[in-house]
Amino acid sequence: RFIAKPCAITLGIQDSGAHRAQPNAILEKVFTSITKSPDGKRLEGLSKQLDWDVRKIQRWFRHRRNQDKPTTLTKFCESMWRFTFYLSIFFYGIRFLWTAPWFWDTRQCWYNYPFQPLTSRLYYYYILELAFYWSLMFSQFTDIKRKDFLIMFVHHLATIGLITFSYMNNMVRVGTLVLCLHDASDFLLEAAKLANYAKYQRVCDAFFMLFGVVFIVTRLGIYPFWILNTTLFESWELIGPYPSWWLFNGLLVTLQVLHIIWSYLIIRTASKALVRGKVSKDDRSDVESSSEEEDVTSNNSTKGVLSTSSNGSNRLNGHVAGGQWTGE
């Protein structure tokens, strides 16, 4: 309210929503009581009842659905909050772990386990991360529902389970490595979204490409060969097959599966932008454009990695357009 909103206004982002649908009591009743996306049979019935063209009715429902979605200003403020948190917690983690012996030698995570001291800095790091992921868990149900809702839900469950489980079992050393690794790319994603909302397309594309590189290197390279290596093999060697070994590593492997899925989406998006010079629409996005936009853009290419349409909604990625993106 006091920081993000003034920044957005300075960048020229207006607090204006989507085009409002023409008031119509019959269509409003259908929209609120029956369905928000009527099928062909219902559209024909409404067309006869109102003496409207079917395409006009489809346009009305499209406008009505978009009418309830958050404005670009609201999405900018949310992304700026997340950017601030991710950046702050990442640098806090790096500063804390830089002097930690297990950051340079992962075998230190298991020496003298479980009799390892819990320092105040380590405690606050864990509590802040846990609180933030709980907030993401709850806010996911109030945000616009997208095609990767289930994937994000599983991700949040696995993350909260890992943070809680590792804290209860005093596996906080390896837990800090996992947290810091995941925070390394998240602030770049939010930075790309901020640039997209402000319509700085080249800056947005640059941040997205940088995010993609960091994400793939950390999640498909460092995570399996550094984190999973120490939890699967080094822990087995140093402390043996402890009772919770299977659950702990099962959650970590679940995260790796999600990393592979998201990396595929990121690579496909980037390859479309580089090879074809355009990106059509992200497969996970449920954000709609108006029919007028469809008429205008049907014969034109959408350029850039994250191109913004005339009404400010993103045509590549549902996360950017509606407050969530193809990452975590």
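Residue numbers in this text run from 1 along the chain shown.
The backbone N, Cα and C atoms fix where each Cβ goes, and this holds for glycine too.
Feature annotation from TrEMBL assigns DNA-binding region to 29-72. What TrEMBL records for 303-316 is compositional bias 'Polar residues'. Residues or ranges marked as domain 'Homeobox' by TrEMBL: 27-71. According to TrEMBL, the feature domain 'TLC' maps to 74-275. Residues or ranges marked as region 'Disordered' by TrEMBL: 283-328. If you look up TrEMBL, you'll see 83-103, 123-142, 207-226, 246-267 marked as transmembrane segment.
Beyond the transmembrane segment (123-142), the same-chain residues lying 6 or more positions past its ends with a Cβ under 8 Å from any Cβ of the stretch are 85, 89, 92-93, 96, 149, 152-153, 156-157, 159-160, 163-164, 167, 172, 175-176, 179. Summarising model confidence by region, the domain 'TLC' (74-275) averages a pLDDT of 89. For the domain 'Homeobox' (27-71), the DSSP-based tally of helix, strand and coil residues reads 32 helix, 0 strand, 13 coil.
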